[in-house]
Amino acid sequence: MNTSHHHGLHHSFRNHSQGALPVGKPSHGDRGSASGCYEQLLISTEIFLTLGLVSLLENILVIAAIVKNKNLHSPMYFFICSLAVADLLVSVSNASETVVMALITGGNLTNRESIIKNMDNVFDSMICSSLLASIWSLLAIAVDRYITIFYALRYHNIMTQRRAGTIITCIWTFCTVSGVLFIVYSESTTVLICLISMFFTMLALMASLYVHMFLLARLHMKRIAALPGNGPIWQAANMKGAITITILLGVFVVCWAPFFLHLILMISCPRNPYCVCFMSHFNMYLILIMCNSVIDPLIYAFRSQEMRKTFKEICCCWYGLASLCV
């Protein structure tokens, strides 16, 4: 986001933090232990590249598994696929922007202001759009799990595959437009406040859904258990799905919260020494964001036997080990 005369998500926040050094405090050029807190934490390009590549492969595997396995052709997994696409774009965009900046710094790429600005705007728009898509996809999954538990007998009439596809299309259309607008007007404090407000509003909404879900789930499961057939088994599977999504939400909050705290401090106390010290670790917060994209596919694999089975089949086919796929 372009919050200073330097462009790009990485450089704008780094330079904003450095430019906000309190008067009388040592800058990055001064010696002494105190100055270390105000220097931007440097992380090698190789780490960004590695995380980006791992996330790319993992999330492609998730998307391929959902497309390949017809048992995974359900609204919840379609929303998970949307989340995987968002995770993939976040990591790839972060890694790509880091590589471009490294090439420019090393003199291996044309250092023209207009070209750099346009490239950074594209990368930043992708990152911002993907962030919004992640939040909305998580909310869609939460609503889907809520319906399966509290409206179990009407679920297939309420949440059809066609309706899920329409929801995903609306999510990505809205998030793409919003992401571009956020970057175009990112120099405005109002835009940052809107982004922060959206993040916490969506988290509060999802938290309220899950609290209500788990508080009343046991009572509802007892009612379903009284019905003939596979009601109890199906309900238990739905609860397992709800727990999986709760884990995803928890990981999302842990990985993204430092970034949004950085934004809050950047707006509220840009010259406070403690705030500046926190903001100096911006690169670490980018790493946490990319780690979220790496962790999510592992959660899918750990929590879903069907996903693990499909992952194994795809990996075996990739390596030509067809006999092991049986």
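Backbone N, Cα and C atoms are what each Cβ position is placed from, and that goes for glycine too.
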> Checking Swiss-Prot: are THR45 and LEU219 on the same side of the membrane?
Replying inline: no
>> Under 8 angstroms, Cβ to Cβ: which one of 72-92, 122-142, 164-184, 282-302 has the largest number of such pairs with the transmembrane segment (191-211)?
In response: 122-142
> Given the transmembrane segment (122-142), which of the listed stretches 72-92, 164-184, 247-267, 282-302 has the most Cβ pairs that are under 8 Å apart from it?
Replying inline: 164-184
> Per DSSP, how many helix, strand and coil residues does the topological domain 'Cytoplasmic' (68-71) have?
Replying inline: 3 helix, 0 strand, 1 coil
>> Against the transmembrane segment (164-184), which of these stretches has the most C-beta pairs under 8 Å: 72-92, 247-267, 282-302?
In response: 72-92
> When you scan the chain for residues with a C-beta under 8 Å from the topological domain 'Cytoplasmic' (68-71), skipping those not six or more beyond its ends, what do you find?
Replying inline: 306, 309-310, 313-314
